[in-house]
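Here Swiss-Prot flags Cys50 as active site, thioimide intermediate. Among the features that Swiss-Prot reports, active site, proton donor is placed at Asp57. The substrate binding site annotation in Swiss-Prot covers Val72, Glu73, Ser74, His91, Glu92 and rests on sequence analysis.
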Amino acid sequence: MTPELNLKSLGAKTPYIFEYNSQLLEAFPNPNPNLDPLITLECKEFTSLCPITSQPDFGVIFIRYIPKDKMVESKSLKLYLFSYRNHGSFHESCINTILLDLVRLLEPKYLEVYGDFASRGGIAIKPFVNYAIKEYQGFKEKRLLNAK
């Protein structure tokens with residue numbers, strides 16, 4: 001445990017959990033809450049299971065956010081995303097749940113999640129979802145119109 005930040009995962013032995021668990025997510029105080037950086041996080045090895053066939057689905061997850069008072073700790077995010085490994089859920093549901101879990105944890109000014117999933121049967125699924133506080137609704141609408 002990192003005492004000054006009260007983080008459990010960073011610097012500790014890593015037990016990998018492969019069942020969905022939002023409690024793995026951790027945050028730390030934003031050192032510059034007066035700035036509005038757009039932070040991009042990319043997970044190139046996201047895996048979940050198809051809820052119908054139980055076959056693995058592979059994708060790249062992009063998370064972009066403008067923090068308010070808290071920022072996500074990256075190792076906890078990695079462990080959280082790995083926890084989807086044996087979780088049966090459709091791509092769209094995974095993306096929505098990731099957004100909701102991060103919004104609950106961070107209470108950001110703006111947050112978006114985009115999934116670029118490997119094709120199945122010749123069709124690629126690329127869900128996008130975003131969230132914004134009142135003051136960032138215009139930014140949210142523009143991002144939605146220009147979603148990747």
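Note that Cβ sites are derived from N, Cα and C of the backbone, with glycine treated the same way.
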Rounded Cα separation (Å) that holds between the residue listed as 'active site, proton donor' and Cys50 (active site, thioimide intermediate): 6
Fewest other Cβ within 10 angstroms of its own Cβ, chosen from the recorded positions Asp57, Glu73, Glu92: Glu92
Candidate with the highest Cβ count within 10 Å, taken from the recorded positions Cys50, Val72: Val72
Distant-in-sequence Cβ neighbours of Ser74 (substrate binding site), under 8 Å, six or more positions away: Leu41
Residues near His91 (substrate binding site) in space but at least six apart in sequence (CB under 8 A): Ser48, Asp57, Gly59, Gly115, Phe117, Ile125, Pro127
Whole-number Å value of the largest CA-CA distance among Val72, Glu73, Ser74, His91, Glu92, listed as substrate-binding: 24
Val72 (substrate binding site) versus the residue listed as 'active site, thioimide intermediate' - Cα distance in angstrom: 27
